[in-house]
Amino acid sequence: MKYKRIVFKVGTSSLTNEDGSLSRSKVKDITQQLAMLHEAGHELILVSSGAIAAGFGALGFKKRPTKIADKQASAAVGQGLLLEEYTTNLLLRQIVSAQILLTQDDFVDKRRYKNAHQALSVLLNRGAIPIINENDSVVIDELKVGDNDTLSAQVAAMVQADLLVFLTDVDGLYTGNPNSDPRAKRLERIETINREIIDMAGGAGSSNGTGGMLTKIKAATIATESGVPVYICSSLKSDSMIEAAEETEDGSYFVAQEKGLRTQKQWLAFYAQSQGSIWVDKGAAEALSQHGKSLLLSGIVEAEGVFSYGDIVTVFDKESGKSLGKGRVQFGASALEDMLRSQKAKGVLIYRDDWISITPEIQLLFTEF
């Protein structure tokens with residue numbers, strides 16, 4: 001079995017009727033495929049949108065609401081109804097499901113990140129299928145992941161999945177928008193996610209969901225940099241999930257980095273919030289970015305911000321102004337200033353095990369398009 005542990009992300013458009021309401025037949029089809037894969041020995045996680053779609057009608061809304069409070073209320077009602085649909089269908093095959101609602105803070109806070117990882121590990125080891133969504137009812141912008149594409153990639157990286165599958169209404173990444181460009185061709189295999197790939201992703205998306213192809217590509221960066229390959233394929237076929245697991249479905253395959261980031265490095269790269277800035281000289285910049293060395297105090301030119309021992313800072317090349325990466329400091333800001341002022345600074349500010357270099361691929365995640 002090539003892909004034992006698989007994370008599936010199912011978007012709103014793959015779960016709803018034309019009027020935006022939840023399609024029970026589509027949910028049933030998804031659970032049947034999950035059951036077949038589970039019985040074949042796969043460990044599965046489902047990241048599912050659709051809470052708002054499942055709940056807005058029950059609150060008397062004629063169509064999907066647009067106001068934040070209305071959407072949060074609809075999600076509060078719909079999350080239970082959606083889970084009931086999944087749970088009922090899976091129990092018919094004697095499969096236990098579990099609900100987990102996450103926010104960005106569950107990834108940013110290292111203790112909560114560890115707790116979420118442990119809970120998911122136990123569920124998978126006990127043969128349950130975790131069903132995950134963002135906690136839309138209470139989340140605020142500062143703690144919001146933003147879309148389930150990103151959430152699914154974060155989860156796939158966290159549990160070190162063997163494959164992440166995006167099920168959508170577009171059967172992969174095209175060179176243009178296939179809905180309007182007859183010359184657009186699907187890319188079957190993507191080795192590296194670069195600016196050209198990002199530009200190609202600026203087209204297709206549907207009105208019911210919140211994420212188009214661009215969010216999927218940026219999410220794929222998180223997964224592939226963490227060692228998890230990604231497959232984008234259509235949800236329109238009745239056996240699309242099974243075919244994706246067997247690599248017989250038409251779609252776009254994103255190759256994972258051969259040496260994916262470990263859990264600690266994932267946290268540093270994607271979630272750790274910087275509390276300050278450090279500027280270094282040319283020698284220190286080369287030692288960090290080219291030779292995998294620790295950051296010595298002797299290479300520091302300037303420091304800015306209020307940070308304490310153990311906090312995360314961003315390091316810049318003083319000469320070029322380029323961001324080199326992030327790391328955990330061994331000294332607070334005031335102690336560091338005193339040592340730099342004495343001009344006798346010796347020792348290590350950031351050890352290499354507490355450091356992550358920002359690659360061009362990772363940098364794209366923090367670029368506005």
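Cβ from N, Cα, C; glycine included.
Here is what Swiss-Prot says about this protein:
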BINDING   Lys9, Thr168, Asp169, Thr210, Gly211, Gly212, Met213, Leu214, Thr215, Lys216  ATP binding site
BINDING   Ser49, Asp136, Asn148  substrate binding site
DOMAIN    275-355  domain 'PUA'
Neighbourhood of Lys9 (ATP binding site) by C-beta distance under 8 A, where only residues 6 or more apart in the same chain count: Leu46, Val47, Ser48, Asn148, Asp149, Leu151, Ser152, Leu164, Val165, Phe166, Leu167
C-alpha spacing of Asp169 (ATP binding site) relative to Ser49 (substrate binding site), in angstrom: 14
Number of other Cβ atoms within 10 Å of the Cβ of Thr215 (ATP binding site) across all protein chains: 21
Residue with minimal Cβ packing [other Cβ atoms within 10 Å] among the binding-site residues Asn148, Asp169, Met213: Asp169
Helix, strand and coil residues within the domain 'PUA' (275-355) as assigned by DSSP: 24 helix, 29 strand, 28 coil
DSSP three-state assignment for Thr215 (ATP binding site): helix
